[in-house]
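Some notes on the structure that comes next.
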Amino acid sequence: MTIKFPAFDYAAIAPILIVFGLAAAGVLVEAFVPKRARYLTQLVLTLGGLVAALVVLVTQADTRVVTAGQAIAIDGPALFLQGSIIVLAIMAVLMIGERALERGGPFVAQAAITVGSEEDRRQAARADGATEIYPLTSFAVVGMMLFVSANDLLTMFIALEVLSLPLYLMCALARRRRLVSQEAALKYFMLGAYASAFFLFGVALVYGFTAQVQATPGAHAGGVDFATIHAAAATSPANRALLFGGLALIAVGLLFKATAAPFHVWTPDVYQGAPTPVTGFMAACTKVAAFGGLLRLLYVAFEGARWDFTPVLGAIAILTMLVGAVLSVTQTDLKRLLAYSSIANAGYLLVGVLAGVREGISSTMFYLVAYGFTVIAAFAVVTLVRDADGEATHLSRWAGLGKRSPVFAGVFTFILLAFAGIPLTSGFISKFAVFGAAIDGGQTWLVIAGVITSMILAFPYLRVVVMMWLSEPGESTPTIAVPGALTAAALVIGVAATLVLGVAPAPLLNLSDTAAQFIR
Amino acid sequence: MQDFPYLTVLTGLPLLGALVVWCLPKARPELAKIVALAWSLVVFVLSVVMWIAFNPGGDRLQLRESYQWIPTWDARFTFAVDGIALVMLLMVTVLVPIVILASWHDADKSRRSIPTYFALLLLLEFTMIGVFAAADIFLFYVFFEVMLVPMYFLIGSFGGHQRQYAAVKFFLYSLVGGLFMLAAVIGLWVVGGHTFDWVALTNSDFATNTGRWLFLGFFVAFAIKAPFFPFHTWLPDAGGAAPAGAAALLVGVLDKVGTFGILRYCLPLFPEASRWFAPWAIALALIGIIYAALLAIGQNDLKRLVSYTSIAHFGFIGVGIFAFTTQAGTGAVLYMLNHGLATGLLFLVVGMLVARRNSANIRDFGGAGKLVPVLAGVLFFAGLASLALPGTAPFVSEFLVLIGTFTVNKPVAVIATVGIILAAAYVLWMIQRTMQGNLNPTLVDEPAMRRDLNLREKLVVAPLILLILFLGFYPKPVTDVINPAVQATVQDVGKSDPAPISGTTTEAAVK
């Protein structure tokens, strides 16, 4: 038996390889560069590497190829989503690298030290933060980039693990509120492991289905690449129970990452406990990856089963929107509020995914980018509002912030208006895009649910605005720290993108529209 | 001058002005006030030039400009006005300088940035002009929603008692309506062949059920905005809490967006649904006329009282729109203008009174006419205009609505007439309780109550009084502009005027 080595189109996967190399180089820097120089080296290396990957990606913009033995598909959506992940990751790295707000940065050096011990207090108070965070981020980005271009279920699973494991660890590194941070990491890890198990079991069932189909005379064995699944689902005379069961379990794994209800319960705790820059990274980049994977799975592999999965996933979308909107009304902590709002947004994204038409792909991709920019900017503002104990995230603490620092309150108000979908912000354009696509695809019921939940969701956002502008500042109103250059840059990029994509969205809409064509 | 991009410039100017005023130093509030006033006067002059450039006998939509915006969706910056929109635009540009002048000291007490207040007023003008000038439904929706933001901050930051509650209620009500409309706009875009162009969409037909649902989406948004009973509860709170100038714009202009939207979008786009829903809409309007008038009689707060009177007036406008005759329609549009002038004046005068007494409660007044005779006279005039006394402009419009309705639906006209009697009750009783009778002894202790209207305040009320009188005697310049647009709208709905009084009726009624 001879094993044929699959052909690689190295140019097409160059961006992934560059970020992978970047992550490996980051590990080497940890080993060989003296401690004093590590922070700067890592920061410059990571930002430079990501920018380089982005440049290479742009030169590959016209690539449409399935490579690495059917394992990776580099097509329009893959390139668009990889580019989005890199850009958003650059913003997140800017926030991660911020050291002006807190001595040593927002992270501790060692996550595993017992909370409350003398040693832990010492590291939280004085020691410089972990520079391992940079290679961890790079590894997560590699996983995400691979995830949106994976063309078979096993590659997808590996990518899922590559992106998840660094995130679990990054959640535990918060300098303040160490216990909550560790709890968040553990919770995320446990539930994430379950979700991965579901995913893997689903892969097995789908393999069983394709093998069953292919067992007819003259065919070869089953497979888990998307073309095989598609062909099997289209022609199958066999019992489809295995297919549906497999799809359901795989979807559980993906919807967990996408923070869709009822698989969302980890989200508020993890978003609250994780260091805020990491939360921003998760809210923006992980969402792009999860929905990118979901798009490819549903539009490429399981396209033939659309009429079977749409009602179920539609119900999940409505549940997600409802849970996110209703529960965010009751939140008193800003990070939790943003977490529930992110759940609701996952619901709107699902509406776009389920449109089932080409506009569904392009509008979902547009939404992901627009939301990513806005949400990172939102968390950037959260890092700035602080007192002696770190960030002051309780809503009551934000009272009267508009008087203390009108500029930041104004910026945050703009961000909230974008979340609420007020025109001239990217939030409106993206909602319009996904709802329009869904009506085009005949899913009017989802749009009606989306509109109703948007009404509910406007209330919590407005409550924050009222808090900031219309309440008098109290004794405990924290000050707004002057952002360092890095956070300021991330904030400016995020807010500018929110405005530009709201006023002149045509270029990005065009780009997402031309990119919205999967290959098999 | 025909090729001059009037509408783009007219829309853009206030936005630029808002930015300029916002950037002025906080330490020099007088400068911000003067710049804002001058800026709004320039806008006004431009709108007058535009009025002259508009040809009343010409096409339905004139001064059309169209620029590409989002080609993927075929959303464009398309501006164009018909006679109705033109009148509304003039009303906006007349009212804003007056309101700026009237609000000269409104922001002084609030400890907040004074330039911000005037920047917000100009920003509001930008959105108000945009909403009337847009001829692209996507663009209209954008302005319709964005309009909430400056108004929200005007009420919330600079308002009086209970301003937070009122601002949030206003925002949520309008947003809910807006989101219904968003669903309808998207639906319209999909079934109308992926275009937002008003002209193209009016020419397309929809299935009966689709049309009715879409109509309902638009109608709910406009009914909340107008507001019609039972969607009205936000207006008394917002009107009561807003600073007087902002309240005059809120009731005088913002609410007209609702009725304008029904005339411009609901009727021509969904004629079948409009006819089908008309009885329901008229019923709501009638309930509004009677119910709001009764509530107005019972109010003790001056600003809330004025808010309720306008809900009653919006009932009249609603009846006029859904009667589907040219007379009633022209009356309704004229009413929109006259109501803006009369209620705007009433709000501003009441604001002056409230500012002197530091209270809006009617019980705190009584016999005030003895202290401030000129102010009392202006309030009396504004009250009479608002109850549609012959000789004032609102009379013409109310009369047109009633006869236009009478020819097609006698019971409705009769019930609506009851509203006139109730209007006399709430206005006269309010004036009696505040201005006449024995002097309330606490008033004498308020030094401000001894000061009658100063020059600035006289400059505020004079143009409005003159306009109300002028249009009361000679409304022809306005009706000439409105008439063709209303006629076209009535034709869109598929109704023709009753035979015996068609043709020259409007002229006859006016004379």
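Cβ atoms are placed via backbone N, Cα and C, with glycine included.
Feature annotation from TrEMBL assigns domain 'NADH:quinone oxidoreductase/Mrp antiporter transmembrane' to A:150-456. For A:12-33, A:40-59, A:79-97, A:131-148, A:186-209, A:242-266, A:278-299, A:311-330, A:337-358, A:364-385, A:445-470, A:482-504 (among others), the entry in TrEMBL reads transmembrane segment.
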Tertiary contacts of the transmembrane segment (A:364-385) (same chain, 6+ residues out, Cβ under 8 Å): 77, 80-81, 84, 87-88, 91-92, 95, 98, 101, 106, 276-277, 279-281, 283-285, 287-288, 291-292, 295, 334-335, 338, 342, 345, 348-349, 352-353, 391-393, 397-398, 401, 408, 411-412, 415-416, 418-419, 425-427, 429-431, 433-434, 437, 478, 480-481, 483, 487, 490-491, 493-495, 497-498, 501, 505, 508-509, 512, 515-516
Contact yes or no, the transmembrane segment (A:445-470) and the transmembrane segment (A:311-330), 3+ Cβ pairs under 8 Å, gap 6+: yes
Contact call for the transmembrane segment (A:337-358) and the transmembrane segment (A:79-97): at least 3 Cβ pairs under 8 Å, seq gap 6+: no
Candidate ranges A:12-33, A:79-97, A:186-209, A:278-299, A:311-330 - greatest C-beta contact count to the transmembrane segment (A:482-504) (under 8 angstroms): A:79-97
Two-stretch contact, the transmembrane segment (A:242-266) and the transmembrane segment (A:12-33), at least three Cβ pairs under 8 Å: no
Among A:12-33, A:79-97, A:186-209, A:311-330, stretch most in contact with the transmembrane segment (A:278-299) (C-beta, under 8 angstroms): A:79-97
Tertiary contacts of the transmembrane segment (A:12-33) (same chain, 6+ residues out, Cβ under 8 Å): 41-42, 45-46, 49-50, 52-54, 56-57, 60, 63, 65, 67-68, 72, 74, 82, 86, 131-132, 134-135, 138-139, 141-142, 145-146, 149
Cβ-Cβ under 8 Å with the transmembrane segment (A:186-209): same-chain residues at least 6 beyond its ends: 153-154, 157, 160-161, 164, 167-168, 171-172, 222-224, 229, 232, 236, 238, 240, 242-243, 245-254, 256-257, 263, 265-266, 269-270
